[in-house]
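Trainee: Below is a structure I'd like to ask you about.
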Amino acid sequence: MAGTRRKSLQNRQVGSLLIFLCISVGGATTIRYSVAEEMESGSFVANVAKDLGLEVGKLAARGARLVSEGNKMHFRLHRKTGDLFVKEKLDRESLCGKADPCVLHFEVVLVEPLQSFRAEVRVFDINDNAPVFLNKEPLLKIPESTPLGSRFPLQSAQDLDVGLNGLQNYTLSANGYFHLHTRFRSHGPKYAELVLNKPLDREKQPEVNLTITAVDGGSPPKSGTAHIHVVVLDVNDHVPQFSRLVYRAQVSENSPNGSLVATVTAVDLDEGTNKAITYSLAQNPEAILKTFQIDPQNGEVRLRGPLDFEAIETYDIDIQATDGGGLSAHSKVLVEVVDVNDNPPEVMVSSVSSPLPEDSPPQTVVALFTIRDRDIRVGGKVTCFLREDLPFVIKPTFGNSYSLVTDRSLDREEVSGYNITLVAMDTGPPSLSAETMIEVLISDVNDNPPIFREDSYILTVRENNSPAVFIGKVHAEDLDLGENAQITYSLLPPKNGDLSVFAYISINSDNGKLYALRTMDYEAIQDFQFVVKATDGGFLSLSSQVTVRVVVLDDNDNRPMILYPLQNGTLPCNDLVPRSAEAGYLVTKVVAVDGDSGQNSWLSYHLLKATDLGLFSVQRQNGEIHTLRQISERDPMMQKLIILVQDHGQPALSTTVSLNILLVDGFSEPYLQFQDPTRHSRKVNPSTKYLVISLVILSFLFLLSVIVIFIIHVYQKIKYREKFTIQEHFYDDCNFSNNLVQGQGNGSLSRPCPYEMCSATGTGNSEFRFLKRFMPNFPFPHATGEIKMEAGSSLPPNSDRNKSQRLEGHDQVSDDYM
């Protein structure tokens, strides 16, 4: 037996390597594969990328993943290669039980954009389970008078495999009394019956031991055995008789435990203990024994466990009635499970795209989900809808799969996220529903430019301000988030292109605060305007502009300026008034202006002082000076007035002007500027005399020093001339640099000669000392050597006399520069 199992395992491993892959596309959206069970973890199934017609690199780029309809995924996808592998060993019996075919459903989900493909893997059964008898040693009591051909049903063997690998046949060990007959159930495994071939004789053989073997159809086949112990009973003439050979019943799947299913009845014509009948479910599969029970006395069959129409629709129950003498009879109860709408629909979300950009176009896939209703036969059609009015709609994709897509434009600034409730409802009765909530966040895109709070700004700054003084702030808001809402401020020149505004103002790029760069002067500029640009930090930045006007406020920083009468800084202006002038005579008018503006430039005129305050008056508003009365002979000829001109600033600034008014008899006499006679009558101050004497003495000493220095200088010059001789030739034409001193003689020489000169600084005189000629004397072939003398005569060249005269001419040039 161990060798057989080892060989079977080897064959199974070989079969795992030679997997038959059946690939098809259902409705162009479903891919199907077939694999054998018991494949080891990591076994290759198929290449999904190839079957879907996708490039291998796109699986990883689009975040491909597998989503199972159940709670567990049995496969894994290699994103780089597109290969599909078994995640763990597959056991068809634990996955699907007796269901055939065994199909595992999952989806291949891709994102960016969201897309899904339905896939199915059919798990083929291998013969990895042997038939098993639950009761290894069943006991049968058969009366010796049992007629030939009597049948005795045996407990069926259980084989978890399906199809050919499941239970196929029974065999019985060789004996002289019984042979075996295999029977079929409409729903359930095959079972065997013992058929009596030879009459029993308790006196000859009170017991018979048999071995029954259950065999499946695998290759190689597997089997299981049970040992039957037959006890031959003494004669019991009558066996129990059921009222029906087959009982039929219908039970709703939602019936509670203990519900009555059916009542079987059997009678026995014997008397005494042989007439007492006991009912049992001895020869039934384990699933029936867990679900039903029978009262041994009255034959009532009741529910022991829950029913599930979606799992098992009908039950075939074998009922055994045994009398007191050991004789038994069998009957069947066929139970049909009635489906009720007891399962609400299930909503299974396989993928959600969140966050979702707010600029996503309509029909963008947001989520993928499937709906399953186990009561689809009675529940009717399942509908799916959204509980609220949201910018999303549900679209069917294939089968029971759906996608949630956008229905209209999204705006994160209005709604930053959605809690979407998916409702699935069947038609009942009664109608059942299920809800699943999907949270979808809306991500921001830069679709809102900065917006200034004001259409335009007017700011004020007072003149004479300190540099870098804060004068105001502009503020813009951006409805976006993150970097898309980070605003940077900058200055733009006004529309007229005047860039000088940048010399007056600066802006903090982070907060929009404006500062004055320099001190403002209202008299130079009264206002100016510029443009502030606000730019957000988005990848494709957006901006907006606003005009800012800065008004300079005037300060009273300018005193009134007198335009008339003109002031020469020493003497006041004189005006002539005839002595014949009457009261109200216009003498003159003081004209003044103020560089400020507004109230600071309003001027008023006041008579501050006067020789005779009762003789003249000043108009407060216009500065006109009039006589208050007629001039008399007693009035002094010189009238001195001091006029105060004052502005209206806070504090007020003022300027005074002095006027001399001469009272004359008429304007026909020539008039010289009148000097104040009191000056001649003033006495000379003794200190002034001493000052004048000191100045005279100092001047004399200075002149004497100059004469002495000049004599010494002439003497040194004569000594210096005796040490050098003059070269015979001079340059005809010479060009020298600008730092050389050129001297032109006053008639003694016809052309200048350059020399280096040195000035003795700090000596208090203007002495120049000629050290040497700047350039050597080279003879020129065309030099004439002719020098004009003071008397205008000329001598032949190269004569001694000419040489001496040239020397004198050279000294004359030096004297000219001295």
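Cβ atoms are placed via backbone N, Cα and C, with glycine included.
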Trainee: Where does the N-linked glycosylation site label fall among N169, N735, going by Swiss-Prot?
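Mentor: In Swiss-Prot, N169 carries the N-linked glycosylation site label; others show none in the record.
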Trainee: Say a student had to find the N-linked glycosylation site annotation in Swiss-Prot: which of N257, N464 would be the correct pick?
Mentor: N257
Trainee: Between N209, N746, which does Swiss-Prot record as N-linked glycosylation site?
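Mentor: Checking Swiss-Prot against N209, N746, the N-linked glycosylation site entry points to N209.
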Trainee: Kindly report the helix/strand/coil residue split of the domain 'Cadherin 2' (138-242) according to DSSP, in that order.
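Mentor: Computed counts for the domain 'Cadherin 2' (138-242) are 3 helix, 50 strand, 52 coil.
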Trainee: Work out, from DSSP, the number of helix, strand and coil residues along the domain 'Cadherin 3' (243-347).
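Mentor: Reading the DSSP string over the domain 'Cadherin 3' (243-347) gives 10 helix, 45 strand, 50 coil.
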Trainee: Under the DSSP assignment, what numbers of helix, strand and coil residues are found in the domain 'Cadherin 5' (457-562)?
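Mentor: Once the DSSP states are binned, the domain 'Cadherin 5' (457-562) shows 9 helix, 48 strand, 49 coil.
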Trainee: By DSSP, what is the split of the domain 'Cadherin 4' (348-452) into helix, strand and coil residues?
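Mentor: DSSP composition of the domain 'Cadherin 4' (348-452): 4 helix, 54 strand, 47 coil.
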